[in-house]
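Reviewing the structure listed below.
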Amino acid sequence: MRPAHTQNPSPPALLALSQALPFEQKAFWDFTLDDGLPMLNDEEASGAETTSGIPDLDSLPPTYSAMCPFGCHCHLRVVQCSDLGLKAVPKEISPDTTLLDLQNNDISELRKDDFKGLQHLYALVLVNNKISKIHEKAFSPLRKLQKLYISKNHLVEIPPNLPSSLVELRIHDNRIRKVPKGVFSGLRNMNCIEMGGNPLENSGFEPGAFDGLKLNYLRISEAKLTGIPKDLPETLNELHLDHNKIQAIELEDLLRYSKLYRLGLGHNQIRMIENGSLSFLPTLRELHLDNNKLSRVPAGLPDLKLLQVVYLHTNNITKVGVNDFCPVGFGVKRAYYNGISLFNNPFPYWEVQPATFRCVTDRLAIQFGNYKK
């Protein structure tokens, strides 16, 4: 048996792991002492129930301090085996491990028994490997797995038979072209999927692909979408479709997404937003439409009573009207704007009437800037 390494994970390694997460993780390492890591705040689009975060030390299973794969760092219930040039998942992993970090290696396959006995595993990090093949029963032992990070690999499909306990799946920057119906069946706890950076077209989503999911957060950025998918979970609070090839938003594109409070559509090719399209988003707070080809401010913004942030910079907007952002009259808008970006548009900003921004908290919240051809 290899000698154990029990020093704390190095600060650079901790930093690299934390930076891989698009939004803030609170108490990321708490689950080394507790099977129930406090989940993200509801305002941060997780929606999961929180726990106290205070472990009952008497109820914890015994630690296997003598077990640590060669070259890895093992501290409490965290096993860190990143950046070691590993070709396969190492053996001699302690059964009480709650976080297994295998990022930045050369693993190409996940085999049937690679995670055998790891029934307490909470988070599995496999980012930046060469994984192209996953055995259909590879994840079967992971009955408590809640976070699976398997981005930047060579996967051509969503892994089969994901653990029913899974809450968060990050599978961006792979080679996935198709999301078949039933691939997420049984994942009742899932609330966050990050699947951007895959060559997904609208036709790649089979009807019913997301059936049964109650997602709060979904990102399909940097793909090949030409329109807003119409069959995504209606429970979504955040939808990010930036860096695609979307050309228009038609009337009923957003019909089923009435619970959205953050919508990202920046860096597309949107020329037209049909009147009334935004009326289906009564709780929207943040709208990103920067780096598109809009020629005017989208209609309907004054009716969004909770809208606070609008990104419209780097478009082709030639005129800003006095009622483009704020409703006529008082008492209609429940939350004032705290951010409106309009820079890099070809309208004469000195002609915009001050009353245009009568429902903005502060003039510093408005970004005009200069237009350069």
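Placement of Cβ uses the backbone N, Cα and C atoms for every residue, glycine included.
As recorded in TrEMBL, the features of this protein are as follows:
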- CYS68-CYS74: disulfide bond (DISULFID)
- CYS72-CYS81: disulfide bond (DISULFID)
- CYS326-CYS359: disulfide bond (DISULFID)
- 67-99: domain 'LRRNT' (DOMAIN)
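For the disulfide-bonded residues CYS81, CYS326, counting C-beta atoms within 10 A of each C-beta gives the highest total at CYS81. Counting only the Cα atoms, the space from CYS74 (disulfide bond) to CYS81 (disulfide bond) is about 9 angstrom.
For the disulfide-bonded residues shown (CYS68, CYS74, CYS359), fewest C-beta neighbours within 10 angstroms: CYS359. For CYS81 (disulfide bond), the nearest neighbour among the disulfide-bonded residues CYS68, CYS326, CYS359, judged by Cα separation, is CYS68.
Distance noted between the C-alpha atoms of CYS72 (disulfide bond) and CYS359 (disulfide bond) is 56 Å. Across the structure, CYS326 (disulfide bond) and CYS68 (disulfide bond) are spaced 61 Å apart at their Cα atoms. When pLDDT is averaged over the domain 'LRRNT' (67-99), the result is 95.
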